[in-house]
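Chemist: One structure coming up, written as structure tokens, with questions to follow.
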Amino acid sequence: MSLRYLTAGETHGPQLTAIIEGLPSNLELDFEELNFQLQRRQKGHGRGRRMQIETDTAQIVGGVRHGRTTGAPVAVVVENKDWKHWTSVMNVEPVEGSDETKRRVFRPRPGHADLNGGLKYNLRDLRNVLERSSARETAARVAVGAIARQLLGAFGVKVAGHVVSIGGVEAAAPNLPIDELIAVTEESPVRVADKEAEQKMIELIDRTKADGDTIGGVVECIITGLPVGLGSHVQWDRKLDGRIAQAVVSINAFKGVEVGIGFEAARIPGSQVHDEILYSEEKGFYRGSNRAGGFEGGMTTGEPIVVRGVMKPIPTLYKPLASVDIDTKEAFTAQVERSDACAVPAASVVMEHVVAWEVAKAFLEKFGGDSIEEMKANLDSYLSQVGAY
Ligand SMILES: Cc1cc2nc3c(=O)[nH]c(=O)nc-3n(C[C@H](O)[C@H](O)[C@H](O)COP(=O)(O)O)c2cc1C
Ligand SMILES: C=C(O[C@@H]1CC(C(=O)O)=C[C@@H](OP(=O)(O)O)[C@H]1O)C(=O)O
């Protein structure tokens, strides 16, 4: 059985819940590191007031004893502190004229899930759609991904993420060793290594917010330390780059993904796209460049994975766009809910974790095993085979 997970929970409900199935036993979990990743997702210039209310921490309520996984399903809970302000709205059926009715959502926001969800699920309070479509759910996905990241970490695999551009303001390509990239973006409010560009991004976010508008951007995730051969060319749904693309576009507001040089490959000849194959006694087979972003044939090449995702601007606008009242069918402006102006820095943390999850899943498929020790033995045996090739 392969690694899988599900999440449940509403943004203004009591908690988010995730269940992970298929983790090996004896993975030592670092709870501080897990919570650190959750807190990283809360930061970043442009976030709204909600992030001042929450202090995301993961409670592990199943599958872990004495700090180590047992092989049983791992259950994780992240509390919503904001729940206490929403208890009656979430629990009481709105009655005409009541306070709860005021929170009913009936003028759908263009760009959010409101209208499609209302029509599809036949819900006349679009809050029932909003509550689950909210990117609050990405806190659960980061908790899950942080565990996957620790699984990868047990094999020396490292994960980094950073912001490439916001609203067209581009950061210079950082080209730093992964540990430095992690350190430098950790301290940055926009998670960008280029300080000059960061200042321009901050100013742009502030101007955009003051205009009642929102802004998107591009983020990049890099994973190093992987062996050749994760994923497979033999079947469409085993191609790891394809699975990563699906995971990235599943993040709220993500509309595109690039692997390696991505769309740039359409503009230049093959001689400037493909990575030449080299060999040395010390390294074995390796590449002169990594324009493929670590993938050929849906399999890892052994070079770092480099994936980019594009996030559209946040749909909720304080200066709202045209919409229609779902009761009267009259033209109205869209409803305004408390909102972020820009969540690109936070989204880069989410992207790291959804990509880490897909890679961990492929890692487990390749090296199998019910315990970390069994996985390590399988990895060592494979590395010897590759080394002797
Ligand atoms: C970290 C993060 C925070 C977000 N914050 C908001 C927000 O405050 N307001 C909003 O309208 N959308 C926000 N979004 C985007 C919406 O959740 C998303 O646009 C919506 O679920 C519709 O899905 P789609 O854009 O993928 O089609 C956020 C997304 C992410 C990744
Ligand atoms: C709660 C989070 O993000 C939320 C995502 C979101 C949306 O519509 O996606 C709308 C906002 O919700 P609220 O109206 O409660 O402030 C964001 O704050 C989070 O990232 O943890």
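Each residue, glycine too, has its Cβ placed from N, Cα and C.
Those TrEMBL annotations? Automatic predictions, nothing curated.
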Chemist: TrEMBL has Arg132, Ser133, Ser134, Asn252, Ala253, Gly297, Lys312, Pro313, Ile314, Pro315, Thr316 binding FMN. Which one of Arg149, Arg267, Arg338 is in the same site?
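Modeler: The record-listed residue among the candidates is Arg338.
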Chemist: Return the residue, from the listed binding-site residues Ser134, Thr316, with the maximum count of other C-beta atoms within 10 angstroms of its C-beta.
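Modeler: Its Cβ has the most other Cβ atoms within 10 Å: Thr316.
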Chemist: Identify, in sequence order, the residues in the chain of Ala253 (FMN binding site) that are 6 or more apart from it along the sequence and have a CB within less than 8 Å of its CB; answer 'none' if there are none.
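Modeler: The list for Ala253 (FMN binding site) reads Ala135, Gly216, Met311, Lys312, Pro313, Ile314, Pro315, Ala343, Ala347, given in order along the sequence.
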Chemist: Quick check for the class: what is the C-alpha distance, in angstrom and rounded, between Arg132 (FMN binding site) and Arg47 (NADP(+) binding site)?
Modeler: 19
Chemist: Restricting to the record's FMN-binding residues (Arg132, Ser133, Ser134, Asn252, Ala253, Gly297, Lys312, Pro313, Ile314, Pro315, Thr316, Arg338), give me the longest CA-CA distance in Å as a whole number.
Modeler: 44
Chemist: What binding-site residues among Arg47, Ser134, Ala253, Lys312 have a C-beta sitting less than 6 Å from any atom of ligand 2?
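Modeler: Near the molecule: Ser134.
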Chemist: Using all protein chains in view, find how many other C-beta atoms are within 10 Å of the C-beta of Arg41 (NADP(+) binding site).
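Modeler: Other Cβ atoms found within 10 Å: 27.
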